Amino acid sequence: MFGTGILKKVRWASILHLMTGNSANSALMLLATIIAARALAPENYGVMVLVLAIGRVCERLVRFESWQPLVRFVAEEEERGADPDRIASLYRFGLLLDISSALAAALLAIGSAYLLSGLFGIAESQRWLILIYACAVAVNIRGMPSAVLRLAGRFKSLAYIQLFANTSRLALAVACYFADAGLMAFIIVWTVAQMFDSILFTCYGLWVLHKAGTPSPLLASSRGLTARFPGFLKFAFSTNLSSMLRTMTHEADTLLVGTFAGPAMAGLYHLAKRIAKLALQISDLVQTVAYPDLSRMWSNDNVSEFKKMVLALQILLLGVGVAVFLSLLLLAKPAIMFFFGAEYTGIYPLLLGQVIAVAFMMHASPSRAAMLAMNEPGYVLMVACISSLAFFGVAFAAMPHIGALGAVAAHITFAALTALFLDVAFWRRLARMPDAKELVEGRAE
């Protein structure tokens with residue numbers, strides 16, 4: 001009974017608006033992926049997946065999420081009435097961090113091509129493909145322009161810019177398919193599309209700054225940035241730690257599959273994971289929209305409504321996850337045959353396992369947002385660390401024996417532990433809290 005009423009307070013219009021843009025991008029990306037998989041066959045497609053995974057892992061390991069410290073520090077400077085030149089220097093600080101980390105990631109990818117590509121199942125004659133994709137890694141500057149657009153409230157622009165890049169990727173992939181192009185052509189297509197996205201994103205961010213009357217960070221002073229903005233680098237390093245944990249469990253797993261089971265199985269595993277994660281977008285969007293409301297409820301001591309909203313969202317999202325699993329159980333096999341072909345039927349068991357992990361993560365999403373609203377980021381990070389250790393323990397124990405299914409089992413372990421630890425901590429803490437009525441009566445006394 002309470003669920004229906006409390007769910008009306010969730011801003012579903014905002015969620016649907018965001019979902020529209022994200023769904024369009026996901027659909028375009030999935031179509032391009034299907035075309036590449038059909039054109040290349042499992043072995044070559046698996047090599048392509050491993051090349052892209054090496055680039056992404058190197059990028060995430062050294063890339064700083066500079067938009068987070070920028071949003072915080074720029075907001076504080078604007079609150080104090082700082083002059084535009086000082087704000088431009090702050091943006092330059094973030095831009096320099098973005099550029100240096102992007103170049104470092106590209107160099108790391110190049111080094112990995114020569115030192116580690118064979119370990120992941122990429123032949124020596126194919127490692128130069130990593131050098132091609134390293135060009136996209138080198139120009140992938142996201143932090144500074146993302147901070148500009150977020151502070152300017154231009155959230156829709158984030159999705160629309162990706163639409164341009166994904167549309168171009170799809171068009172080029174179709175051209176490659178009909179031209180009977182090979183692996184190198186598809187690597188170039190993915191590289192060019194990402195470079196186009198990164199450059200367009202950066203240029204648009206600079207244009208938004210110009211329209212707001214802020215001098216260009218490209219021309220701002222670089223003198224004494226660390227002294228003028230103390231704490232900026234420390235904040236950036238702390239956010240990078242969280243990003244590294246996500247990378248190790250959500251990107252490096254594909255490389256592990258390549259190591260233990262070969263490129264073809266890595267390609268199947270990647271496809272299963274990508275399809276399953278489409279459902280996870282729903283919970284990510286719900287968390288994005290619900291988090292401000294949960295924060296307000298908690299800060300206003302509205303514990304009863306806070307509790308009801310979290311529980312209602314958990315039940316709803318878990319129900320969506322179960323519905324997705326049952327739908328795939330019935331429809332996934334014929335859909336895989338139709339879209340990918342008989343060579344890719346090995347996706348099916350991997351996909352079902354990934355959806356189980358996604359269902360756990362969907363259930364955990366509201367409690368994670370609630371713990372952050374309760375100012376418990378340290379506990380959330382600790383849960384991520386413990387779950388990540390369990391992930392790698394299961395992966396290394398199982399993958400030598402059951403291949404890609406071992407990585408799926410590791411994901412299920414990670415997701416189940418995350419849901420368990422967050423739920424236990426959240427509900428135990430709420431059990432010790434009075435509801436809103438008791439708080440009011442206590443204050444009145």
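Including glycine, each Cβ sits where the backbone N, Cα and C put it.
Automatic prediction, not curation, is the source of TrEMBL annotations.
What TrEMBL says about this one:
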- 12-39: transmembrane segment (TRANSMEM)
- 95-116: transmembrane segment (TRANSMEM)
- 128-149: transmembrane segment (TRANSMEM)
- 170-192: transmembrane segment (TRANSMEM)
- 315-340: transmembrane segment (TRANSMEM)
- 346-366: transmembrane segment (TRANSMEM)
- 378-398: transmembrane segment (TRANSMEM)
- 404-427: transmembrane segment (TRANSMEM)
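Sequence-distant contacts of the transmembrane segment (95-116), counting only residues of its own chain at least 6 positions beyond either end whose CB sits under 8 Å from a CB of the stretch, comprise 54-55, 58-59, 61-64, 66, 127-128, 130-131, 133-135, 137-144, 217-218, 222, 225, 233, 236. Outside the transmembrane segment (315-340) by six or more residues, the chain places 3, 7, 34, 37-38, 271, 279, 282-283, 286, 347-348, 351-352, 355-356, 358-360, 362-363, 365-366 with a CB less than 8 A from a CB of the stretch.
Long-range neighbours of the transmembrane segment (170-192) within the same chain, counting only residues 6 or more positions beyond its ends whose Cβ lies under 8 Å from a Cβ of the stretch, are 28, 31-32, 35-36, 38-40, 44, 47-48, 51-52, 126, 129, 132-133, 135-136.
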